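See below for the structure under consideration.
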Amino acid sequence: MWSAIVVLSLVGCAVAGPPVTRSRKDIEGFRAYLERSRTDDGLRLESRMLVSPKASAWENSGKFQGDILLNDEQADLLMQEYAGVGGRNAYIWPNTKWPSNTIVYDFNNEFTTAQINAIYAAMREITARTCIRFRRRTASDRNYVLVTGRSDGCYANVGYWASMGVHTLNLARAIPGQGCFTHTIIIHEWIHVIGFMHMHSTHNRDTYVRLLWQNMIPGMEYAFERYGTNVVHNMGLPYEYASNMHYDRFGFSRNGQPTMLPIFNDNNQMGQLQFVTGWDWLRVNRHYNCPGAWSTPINAEELSQGTYLHEYKGDEDAALEDQPQGVVVEDLPQEVLVADMPQDLEAEKVSVVEN
Ligand SMILES: [Zn+2]
């Protein structure tokens with residue numbers, strides 16, 4: 001079974017609501033679901049898309065809740081959360097923020113130039129909208145995200161885990177704009193790496209969405225589990241159907257019928273893949289205490305429409321002052337020439353063509 005829990009730091013918040021009682025059958029079912037999500041089933045993303053064509057690529061990626069790659073510590077914690085060991089408030093979720101707001105990354109040497117550029121485009125948007133920064137891995141970095149291109153789906157580890165070493169962000173190779181290489185899906189996976197789980201698994205989601213259990217693939221009901229604010233926190237913002245981190249209507253459907261419906265008008269934007277919302281960015285900025293993020297006013301009327309595109313206007317210079325001395329936060333390449341792609345991890349220089 002999984003390793004003992006290593007608690008990194010104490011940042012858990014108390015969970016509202018009474019303890020939940022689970023049957024032994026439910027607990028064993030959840031354990032089996034977790035184990036399945038951590039086992040390679042050998043299926044390619046295309047095969048799963050054929051079975052469930054209305055769901056998004058990330059929902060069809062065979063991991064926990066579709067696209068979350070759990071490490072041992074997280075699996076232990078989620079099992080405790082589910083089983084309500086010692087009451088729902090007894091365990092703590094560690095701080096998984098990337099140190100100095102900086103994600104250290106590297107690529108496997110398996111993407112085309114166009115794919116690399118699509119990944120960089122998502123990373124550039126993150127740096128433009130938040131105080132998150134990226135730095136290419138150097139030989140001395142032990143903890144970093146390796147961007148890989150395995151064919152089984154789009155998925156990522158959630159947050160930073162000092163004990164884990166290599167974190168994964170996987171994007172099944174595709175033409176940019178398609179499958180896992182959809183711009184908003186690449187950002188979705190990075191937002192997992194930044195530390196977020198899915199919007200619809202937050203504590204108050206039952207006020208906003210109705211689950212249609214009878215339409216779900218048997219055994220996948222556990223993907224719709226609801227979590228306390230210690231696991232899925234909304235950062236003081238209202239529930240948002242249009243969030244980049246929300247399921248669509250057809251995740252894990254066994255019959256092509258919806259598995260989740262909005263209770264209020266979602267303007268048909270629940271689970272949309274067209275854009276990342278201003279609140280998605282604001283949640284990231286608040287999670288990392290980016291300058292101005294907690295004082296940014298929220299327009300409730302626009303918010304209620306779920307389409308409010310907030311331009312982050314925090315003071316980026318102030319954010320950079322938080323960087324420790326000696327850390328170089330580089331500008332991301334605008335475009336990469338294939339001839340200049342690093343051939344191995346030792347080759348650090350990437351040629352940049354300025355537009
Ligand atoms: Zn996801």
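Numbering starts at 1 and runs along the chain as it is shown here.
Yeah, the Cβs are placed from backbone N, Cα and C, and that goes for glycine too.
Copied over from TrEMBL:
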SIGNAL    1-16  signal peptide
DOMAIN    89-291  domain 'Peptidase M12A'
BINDING   HIS188, HIS192, HIS198  Zn(2+) binding site
ACT_SITE  GLU189  active site
Mean per-residue pLDDT computed across the domain 'Peptidase M12A' (89-291): 94
Distant-in-sequence Cβ neighbours of HIS188 (Zn(2+) binding site), under 8 Å, six or more positions away: TRP58, ASP67, CYS154, ASN244, MET245
Of HIS192, HIS198 (the binding-site residues), the residue whose Cβ has the fewest other Cβ atoms within 10 Å: HIS192
